[in-house]
Amino acid sequence: MRTDERELRNPAYTHTEEPDEPTAGHPPTRTWDLLGWTRKHLFSSIPNTILTLLCLYLLWLAIPPVVDWALLSAVWSSDTADACKVEGAGACWAFVEQKHRFILFGLYPFGEQWRPMVAVVLFIGLIAGSCWPGFWNKGLLAAWAVGLTVCGILMWGGVFGLTYVENSQWGGVPLTLILSVVGIVAAMPLAVLLALGRRSDLPAIKTVCVTFIELIRGVPLISVLFMASIMFPLFMPEGVTVDKLLRAVAGITLFTSAYLAEAIRGGLQSLPQGQYEAADSLGLNYWQKTRLIILPQALRIVIPPLVNQFISTFKDTSLVIIIGLYDLLTTAKTALADPEWRQFYAESYIFAAALYFCFAFFMSRYSQYLERRLNTGTRR
Amino acid sequence: MTNGTEPTRTTVEPSDDAPNTPAPGEEVVIKLQGVNKWYGQFHVLRDINLNVRKGERVVVCGPSGSGKSTMIRCINRLEEHQKGDIVVNDVTLTNDVKAIEAIRKDVGMVFQSFNLFPHLTVLENLILGPIWVKKTPRKEAIETAMYYLGRVKIPEQANKYPGQLSGGQQQRVAIARSLCMKPSIMLFDEPTSALDPEMIKEVLDVMTELAQEGMTMVCVTHEMGFARSVADTVVFMADGQIVEMNTPKELFANPKEERTKQFLSQIIQHH
């Protein structure tokens, strides 16, 4: 009743209610009341009421067992799998407790795993810092140079008394982060050049860019990774080897850049012709025009598809399993090879999925923040 | 084109007593000679001959689709002409990118749709050209920008974004942006056509002031009042040709060509 009453009120009602403010320039305040909201949105008609009750029933069926399995009956800690194998036991989080070091860091020497740990924290810190527009200056580049060097030293070792760890022993979260972040960061400039090249007036450049983009988009990432890991060494002269991890990163970079290029091209095309003409009429040359006028606007427009591709690339790094790299998903799978814990695959994959979700969700939220922030004052 | 049905029309060549003919010793800064342009099969510009002297104010009018905008966009090579010669400040326009950039540096242009850079503040819009093209020190560029913002009477908007300004204000910023490059020639491509009626005056005032200072101007506009009071020469174009050009007084009072009379009578009906 209360909601209906309020809605039926004459708008003029607010004027009489606030005689001190003759301007009455603000809308009537609305308080949220549970009963009214429920009646209006959930039980407004007979079909709606039936749907509401049906949904409530399904939730009642689904939620309690899940809560019971994941939380109430879960085995949180145990040295052996036996505790999880008793009748009525829920999720075996003890598996994660036992295996988390392997899932997180893969085959990295057990005693040295603090190194990838510190490297990952540092790396995530760098990324988080870079997300804050207040830090976008030359100091940030220096921070990245120092940070990446420190990460490299920690991961490889071989100096300062750290034992050398070959990168074939890297795995888990550090590997997934390296593949995706390096892949994305390297793909961006390449993608910008490809997008510009595809719109170039010079036929040679245009042809090269179109061919590259269409070729790469035409094949699955798995085949690009296969090419990088198996075909590529065949074409190299005797004795020349390129690191497997590097080849995987290169494959991911090329693949991602083709998709990013198309997203960026969309942004370039959506800019009004007048922007190009205004820049031209000031006498700016091609690169000045592109860097100062076109790209800042075009990239801003394509933030959503870019982030979409970033998230996709991040998750696609799990395909490196086929060339024998131990990324996060592979380590989660390999942890199940232990016969004692073999049956707890749900727990293992849920743990890996939760980690993937944290990163992907952060990217998604950050892109929304960035869009809002960059659009301030520039709405047309 | 429908050559068969179209009435034949002679292009008016500037005769000796026409105002557009450069007097001896007067410097011609824009020279269009036999300029032709096609969009595919469509012949947009036909044998355009036009001389603009230093300090001359030329207003170009004519029905829409007559090639007015295309013509002035050829002057700073936003459009490429296919036949004939265009010489601006003694530089002939070819595909030479350096020459084109040099001409654009010296020829300001104001567009119908303002075309301010929406991601930059008003001040940043103004100093961008001087800093990057003319290599002016930033401090000096800001001083110049503030001077011209004062000239167009909106210095208080310097730190706003274009999207926060009214159309008239945006167009005045666009004029100031061109002036910051200290051009010797200004091209206006229907600068008031996208404005609400009450904002047209503020833009025309700025343009009139500019004209009084002796700026060389070529202006495509439908503002006949502006043409009458400011222009030295009015050029009437139709179907890609210059039909008639004369002083505004002569052209409006005694149009010689039938097409001009027809156009003017339509304009006057509405004004």
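Glycine too: its Cβ is placed from the backbone N, Cα and C atoms.
Quantities reported herein were computed from a predicted structural model and do not represent experimental measurements.
Quick look at what TrEMBL lists:
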DOMAIN    A:173-362  domain 'ABC transmembrane type-1'
REGION    A:1-27  region 'Disordered'
TRANSMEM  A:42-63  transmembrane segment
TRANSMEM  A:114-135  transmembrane segment
TRANSMEM  A:142-165  transmembrane segment
TRANSMEM  A:177-196  transmembrane segment
TRANSMEM  A:208-232  transmembrane segment
TRANSMEM  A:343-363  transmembrane segment
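Between the transmembrane segment (A:114-135) and the stretches A:42-63, A:177-196, A:343-363, the greatest number of Cβ pairs separated by less than 8 Å involves A:177-196. Counting residues 6+ beyond its ends, the transmembrane segment (A:142-165) has Cβ neighbours under 8 Å at 108-109, 112, 115-116, 118-119, 122-123, 125-126, 129-130, 174 in the same chain.
Sequence-distant contacts of the transmembrane segment (A:343-363) (same chain, at least 6 residues past either end, Cβ-Cβ under 8 Å): 81, 84-85, 91-93, 95-96, 99-100, 103, 173, 307, 310-311, 314-315, 328-329, 332-333, 335-336. Residues 193-194, 197-198, 200, 242, 244, 247-248, 250-252, 254-255, 257-259, 261-262, 316, 319-320, 322-324 of the same chain sit 6 or more residues outside the transmembrane segment (A:208-232) yet have a Cβ under 8 Å from a Cβ within it.
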